Ligand SMILES: C[S@@+](CC[C@H](N)C(=O)[O-])C[C@H]1O[C@@H](n2cnc3c(N)ncnc32)[C@H](O)[C@@H]1O
């Protein structure tokens, strides 16, 4: 307990005034908007050029920048310009709910503070509204995906986009290999950790007004493998995979291992679990996470270049259950990664759709007759979800069939989740989670 409190104090020591932090955020947003730079790169560069800033300052500035990106289109609409300054002012009003006098007091022109508000900015703050904004502006989404979002959400479009524009909660998954959720909640009581609404292994840790949470990655319980930081939606997708002890399971797109660790924990290390990923660099962090968590997973790292070979060839036609946590546009994670929505291009959606067909075809060859395929994305776009499943069903000529995903493993989920043609869709508005899609299939012959 004492260790955790001490760590928090160190990381949140403020050096910059709130106004100076806003000036920094404006500068960084200008860099992102004008040079189309990834937010993480622009923030890193600012940090390198301003080494005196404390980690608390950096976190607060990052929070301002990410809130600005969440409301980039709507804030620019209200303020009549798409500059770092306009987006920041509009965001303080729309996202943080600050009134015009409070914003004016932050923009006081003092040393390191932004220039005072102009008359036009004051008027726009008082009178500006999103009443006549087009849906993609009011909902802060790129215009080219609007037809797909409309197809996904129908009449709920505006509400769903609003929810995707809010901040994500800070969720952890308790590692059942180490302790119960109750024991973890007791150990994290000083952080206010409380059970998440749906996942039986989830705890939610309160964040501050600016969205910042405690430094969980240096928490003693985390370092002992007691929990992983994982959105409740990702936890639910792992549960819906239906893994059972005694099965041979493949996590085909394991990445850093978020779901592989969850599957090992859910089966009490009772399954033979094999994890791989096309990209060895994405897979690399899994080793340290396995060591910490006590999860037993056979990791198969592919070679690249000339020695490249299929590391799963020996398993073809034998696997009981394959999890395909497919590469996707991540449209369901816009709350967490608002930069991604403005970096999304039609070409990247087409590339992800092609990769999805590739991983689905590979998974279909792995599964034994009667075995199960579980296809997961963190996207809400039908092209990456039902259409991808339809594609595999058609290509398989009847060998792969769609089956209902068993929702009974998560009490209360069935009433909240949306059924699509082939699977189920979670979303911030429906389930309070990231936008995960899950579809289940079986090999008939
Ligand atoms: C959504 S991420 C996986 C996240 C991970 N399962 C987790 O829970 O932390 C998708 C992964 O698919 C991998 N991938 C892309 N194409 C692939 C392919 N053809 N075969 C296997 N993995 C692939 C990417 O490298 C990426 O790590």
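Backbone N, Cα and C define each Cβ position, glycine as well.
The shown structure was predicted, so the numbers you read here are calculated from the model rather than taken from an experiment.
Taken from TrEMBL, the feature active site, nucleophile covers 378. Under the heading S-adenosyl-L-methionine binding site, TrEMBL lists 277, 325. TrEMBL lists 160-444 with the feature domain 'SAM-dependent MTase RsmB/NOP-type'.
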Pairwise CA distance, residue 325 (S-adenosyl-L-methionine binding site) versus the residue listed as 'active site, nucleophile', rounded so that it is a whole Å: 8
DSSP state at residue 325 (S-adenosyl-L-methionine binding site), helix/strand/coil: strand
Pairwise CA distance, residue 277 (S-adenosyl-L-methionine binding site) versus residue 378 (active site, nucleophile), rounded so that it is a whole Å: 17
